[in-house]
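Contents: one structure, followed by commentary.
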Amino acid sequence: MEMALAEAPKNLTDVEEMLIEQRGVRELPFPGMDKSGRGVCLKNEVKACMLGALCPLRHIIKDKQVVCKHWLRGLCKKGDQCEFLHEYDLSRMPECFFFSKYLACSNRECPFRHIDPESKIKDCPWYDRGFCRHGPFCKNRHRRRVLCQFYLLGFCSDGPLCKFSHPSFNLPVPEPAPKLNFRPNYAVTCHNCHERGHKATHCPHLPAQTQLPQVDASKLKQYQSDHHPHEVRRNMADITCYKCGEKGHYANRCTKGILAFLSNTATASDQQREREQQRDTQQKKRAVGEHVAKRQSNGQTDGQENFD
C-alpha cells in the first residue's frame with residue numbers, strides 16, 4: 001500500500017501549471033519599478049526569462065550572501081539591482097557594529113550577527129608551511145598542528161576529513177598592498193606652517209623630517225609657462241588677511257591663529273572707545289572755554305556799569 005501511494009504520480013491543477021509556467025505575465029510599462037512585494041521569477045533561475053528588466057517578477061542573484069541593512073528599514077532604492085540580499089535570513093544578517101567594535105551589545109534581541117573576533121583571524125600560511133619570520137608579532141594566527149604521516153608519505157585515505165594537518169608546500173601568495181587614497185582635509189590647519197590640509201604631526205616643513213627632492217628650476221619654470229601661461233601673481237602688499245585685517249599675507253599663513261578676528265574686533269572696540277573719550281574731552285574743553293568766556297564777558301559788563 002505504501003509503495004502504491006509513493007509511486008502515485010503527482011497531478012497538478014490548472015492554476016499550479018499556470019503559476020509554474022508564468023502564463024499571463026505582462027511587461028512593465030517602464031523599467032526600474034518597485035518589485036519588492038512581487039514573487040520570484042522562476043524562469044530567471046534557469047536563464048529563460050525573455051522580458052529582462054521589464055519582467056514584473058523579481059530577478060534574484062544567487063551570489064548574494066549578506067542581507068541589505070537598508071532593505072531591513074525599507075530604505076533601499078536599488079531593488080533587484082542591489083548587491084545585497086533582500087530576504088530576512090538570520091544566517092546571512094550583517095555583522096553587529098557594537099559587538100564588532102566594543103565586544104558588547106546591550107540589545108538582547110539583536111537581529112544582527114555576533115561574530116567572535118578570533119574567528120576572523122586567518123591562519124598564517126608561512127607558519128603552516130614551517131616558518132614565519134614575524135614570529136609572535138605576526139598578524140595571522142600561529143596554530144600548532146600534528147602532521148599527518150600518511151599525507152607526508154604521499155596519500156591519506158581520509159582526505160579533508162582527516163583529524164591531522166595536511167600542509168601545503170607551495171609558496172603563499174603575497175597579499176596586495178592596500179591603496180592609500182590620501183585626500184587632504186582642508187578644514188584642518190597646521191600649527192607649524194599655518195597651511196591647510198594636514199596636521200602639525202605630518203607637516204612636511206618639520207626639520208626632523210626628510211624633505212622631498214628638489215625640482216629643477218628650469219623644469220619648474222617650463223611647467224608653469226606651459227600650464228599657467230596667463231597667471232599673474234598679485235603683490236603681497238595689496239593682499240589683506242580676512243582673519244586679522246592686516247596686509248601682506250594670506251589668511252592661511254596668518255600667525256594669529258583662528259581667533260584672530262576676536263583680537264581684531266577687540267582692537268576696533270578699543271579704538272572706538274578712545275575716539276569717544278577724545279570727543280568727550282574735546283566737548284568738555286569746549287564747554288569750559290565757553291563758560292569762562294561768558295564769565296569774562298559778564299565781568300566786563302558789570303565793571304563798566306559800576307564805573308558809570
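Just so you know, glycine gets a Cβ as well, placed from its N, Cα and C.
TrEMBL does not curate its annotations; it predicts them automatically.
Per TrEMBL, the listed range annotated as zinc finger is 143-169 (candidates: 35-61, 143-169). When TrEMBL is compared with the stretches 118-142, 193-217, the one noted as zinc finger is 118-142. The stretch that TrEMBL tags with zinc finger, taken from the ranges 62-89, 230-257, is 62-89.
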